[in-house]
Structure formats: structure tokens, C-alpha cells
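Engineer: Sharing a structure, written as C-alpha cells. Questions coming.
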């Protein structure tokens with residue numbers, strides 16, 4: 001179920017339901033606010049401020065309608081010096097989707113770039129195909145509209161989040177590409193072919209976007225970057 005919650009930005013963490021009730025992790029990371037987004041979210045600790053969103057991890061669920069509420073909650077927490085944990089059951093799909101929507105709003109980055117940066121420190125992050133489609137629909141225009149609403153309510157955004165996220169992008173790209181060589185190795189070529197196969201399995205049309213990705217393909221897609229990321233980190 002992972003190795004604990006992941007720090008995405010100052011004041012913003014991503015994790016699973018185990019992390020959300022682990023007093024050691026919560027205390028160590030000074031978590032003050034929690035967004036619980038799964039089928040039956042419940043407040044567990046009296047000294048934590050909760051936002052509970054009931055959402056199942058299925059592609060057809062309209063998770064996008066919760067973006068505004070979650071973004072305002074997370075942003076208010078960070079501005080007031082708190083630390084917010086966003087979690088679902090496994091810390092893979094629902095919570096990642098909400099975190100991506102927030103980061104898009106405060107940085108102007110596209111969802112693919114944000115996901116790539118998150119994967120640099122949390123390789124299992126992997127929104128389901130329907131949630132990816134909703135992030136695509138959320139896009140730059142809607143995220144910047146929400147940003148203007150944040151600034152009207154809270155004032156100018158003081159964080160340097162875009163710089164922090166962009167610094168992570170080269171790391172995950174190098175992890176996927178392997179050691180810098182002009183010609184791909186057999187292993188890299190095989191991995192690329194596998195990734196291409198997985199990409200073809202992801203629904204492309206609006207109708208198909210509601211069809212769940214086969215479980216095996218989702219597992220392979222989720223852990224595609226993990227060995228290289230861990231190998232690179234271990235080599236430092």
C-alpha cells in the first residue's frame with residue numbers, strides 16, 4: 001500500500017487511508033487538514049480539520065465537480081501555515097486526481113506535466129482513464145478561472161509551486177528514458193513498446209472513456225516507472 005505519504009509541495013501531501021490514521025506520520029509531517037476522498041470517508045481525529053468527499057474509483061464518476069471545493073480547502077490550509085494530506089483508499093487514483101487539479105490551478109501547468117512531476121516522488125500515482133479525461137476537460141482555461149477565484153478570495157498566490165514542480169520533471173523523464181544514450185537499449189525499447197501497448201488500451205473516445213482499463217494493464221501502467229525511479233534514487 002506504499003511507503004507512507006508523499007510530499008508534493010510545501011503544505012501538500014498525498015497518501016492512502018493508512019497514512020490518514022497513522023499518528024506518527026501525521027505528527028511528523030504536522031498535518032492539520034485532511035481531504036478524505038473515497039466511498040465512506042469519516043473523521044478520525046479531533047484535532048484535524050476534514051473535508052470528506054464520497055467518490056468511488058470508477059471512470060464514470062464525475063470527480064471534476066469536487067475540484068473547486070477541494071482546491072479552496074487545500075489552498076486555505078496552506079495559506080494559513082497548515083499542512084494538508086489528500087488521501088483516498090490506495091493513494092493512487094482519486095487523491096492523485098484532486099492533487100493534480102489543485103496544482104494545475106496554482107501553477108498553470110498541464111495535468112500531464114503535474115502527473116509526471118508527482119510520479120518522480122510517488123511512482124504509483126495513476127488516475128483512472130475517466131479521471132484523466134476529466135482533468136483534460138478541466139484544462140488550462142478552467143484551472144485559471146479557478147485560480148482567479150482563489151486570488152479574489154485569498155489574495156495573490158505567494159507560493160513558488162511551478163518552480164518546485166518543474167524541478168522534478170527532468171528526474172522522472174530520465175528515469176523513464178534510462179541512462180542518457182542516443183540509441184535506446186533493448187530493455188528500453190521493450191519497455192517503450194509495452195507502454196505503447198498500454199496507451200492503446202486507454203480509451204480515447206468520450207464513450208470509451210467510461211470503460212474501465214483492464215486490471216492487469218492498470219497495474220502495469222501504475223508501476224511502469226517504479227523500478228527505474230528506485231534504481232536511480234538508490235544509485236545516488
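Positions of Cβ are set from backbone N, Cα and C atoms, glycine also.
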Engineer: For the annotation region 'Disordered' in Swiss-Prot, which listed range does it cover: 142-177, 178-213?
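Structural biologist: Among 142-177, 178-213, the range Swiss-Prot annotates as region 'Disordered' is 178-213.
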Engineer: What is the average pLDDT across the domain 'Tyrosine-protein phosphatase' (4-144)?
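Structural biologist: Looking only at the domain 'Tyrosine-protein phosphatase' (4-144), pLDDT averages out to 96.
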Engineer: Counting only residues 6+ away in sequence within the same chain, which have a CB under 8 Å from the CB of residue 88 (active site, phosphocysteine intermediate)?
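Structural biologist: Looking at Cβ-Cβ distances below 8 Å from residue 88 (active site, phosphocysteine intermediate), excluding near sequence neighbours, one finds 16, 17, 36, 37, 38, 55, 57, 94, 95.
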